[in-house]
């Protein structure tokens, strides 16, 4: 019996070390950033069981077998649709401003289509204005409404939007609603999901959280887009979830969430529609390719029209494109670079691009919330401040609530607005969307919004920052080391 237990003990030890060696080899064989690989190895060797379980759950990008097969199957028809769209030459911009030219070329070559012109844009900075505009557009909808949100939180004005959407479905408008399973857990536990389905709305719970499948699909891969398309002509996107900030996370101690949304009319709705179509097919297996733009209603010839490129990210979409777009935008800046984000945990490449811009004379400003709802990200972001301040970057800490807007403005003309945070999760993991806008008028509007944010912020003083307590520096460096995993 003693011999038996000895053999079992040695087999357990051997299996344990073989498992660690196998995971270590897998980490080393994957082409990933060195800091990320080192962080995973440290966790695995300090806390082996916890580290191995964490790596198998979150260390690699698994969409899941069924969704991955759908993603592969949809691309032939999607590629044909994109190729057919190129025949609508009148919707594509032929020229761009000097500051936007490189970025638009990058997007065209990576995604297969160019930027579309003749769009009308409106920036909405108040949640009530967003909800009221959306309700009006839903009430006027005649054919179809598609929505996707990370969070739908019942209560307040969000319920009014839900009522208008159900009314549209009852009068014959084809309504589709896709919500992230983790972000919208309160919605799916409420009566609203059943009420909407009973009204005729197709409601889909995207990337459903299932602990039984934790090793088969990465559970922290989330559907983070916020998009609305109405009648293939009107579109919305930006940082705002379908929540009323007067009711949302009031106990978090960070104040009301401050967001920005763009309302658009024009052919950009078609390019956003194909993104939604891909998401819908990956999640449901059903193909809903949007129709081409209607020449009779698009304001193609209007001189005031905005030129827009839509960048989508996530499994099945061009890899690393949003990260490349941010780098290209930073290196294109000659005079001003203003960034707004709630979560700032940049890659080394993006950090260097921002610092380099400041060091070559560009006026660089980053606007972040002073209080953050994520303790981990809040501390990790502080670890980058010293390097940014030394390079001459201005860091503004917003004090009017949780600044949730995600925006970049380059030289007052090139704008990036959407759902992407400047952190690892948005850059390389989640399903995200960003609008790239080449227009000085829109840039002026965005600059006014950012100036308002700055007026409600406190400029971080470099000398005072360097005198912060030692314990804060230690905590910052600890979270900085694990920043590749956040």
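Note: Cβ is positioned from N, Cα and C throughout, glycine not excepted.
According to Swiss-Prot, the protein has these features:
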| type | residues | note |
| --- | --- | --- |
| TRANSMEM | 3-23 | transmembrane segment |
| TRANSMEM | 38-58 | transmembrane segment |
| DOMAIN | 219-246 | domain 'PLD phosphodiesterase 1' |
| ACT_SITE | 224 | active site |
| ACT_SITE | 226 | active site |
| ACT_SITE | 231 | active site |
| DOMAIN | 399-426 | domain 'PLD phosphodiesterase 2' |
| ACT_SITE | 404 | active site |
| ACT_SITE | 406 | active site |
| ACT_SITE | 411 | active site |
Worksheet item: Rounded to the nearest angstrom, how far is the Cα of residue 224 (active site) from the Cα of residue 231 (active site)?
Response: 23
Discussion item. Validating a neighbour-count step here. Other CB atoms within 10 A of the CB of residue 406 (active site): how many?
Written reply: 24
Fill in: Secondary structure content of the domain 'PLD phosphodiesterase 2' (399-426), with strand meaning DSSP E or B
3 helix, 12 strand, 13 coil
Worksheet item: Could you count the residues of the domain 'PLD phosphodiesterase 1' (219-246) that DSSP puts in helix, in strand and in coil?
Response: 0 helix, 11 strand, 17 coil
Item to complete: Please work out the number of neighbouring Cβ atoms within 10 Å of the Cβ of residue 404 (active site), leaving out its own Cβ.
Response: 23
Item to complete: Among all chains shown, work out which of the active-site residues 231, 411 has the most CB atoms within 10 A of its CB.
Response: 411
Discussion item. If I take the alpha carbons of residue 404 (active site) and residue 411 (active site), what is the distance between them in whole Å?
Written reply: 22
Response to the item:
Within 10 angstroms of the C-beta of residue 224 (active site), the count of other C-beta atoms across all shown chains comes to 25
Practice prompt. Output, ordered by sequence, the same-chain residues six or more apart from residue 226 (active site) with a CB under 8 Å from its CB, or 'none'.
Written response: 148, 149, 150, 236, 237, 238, 239, 240, 241, 242, 261, 419, 433
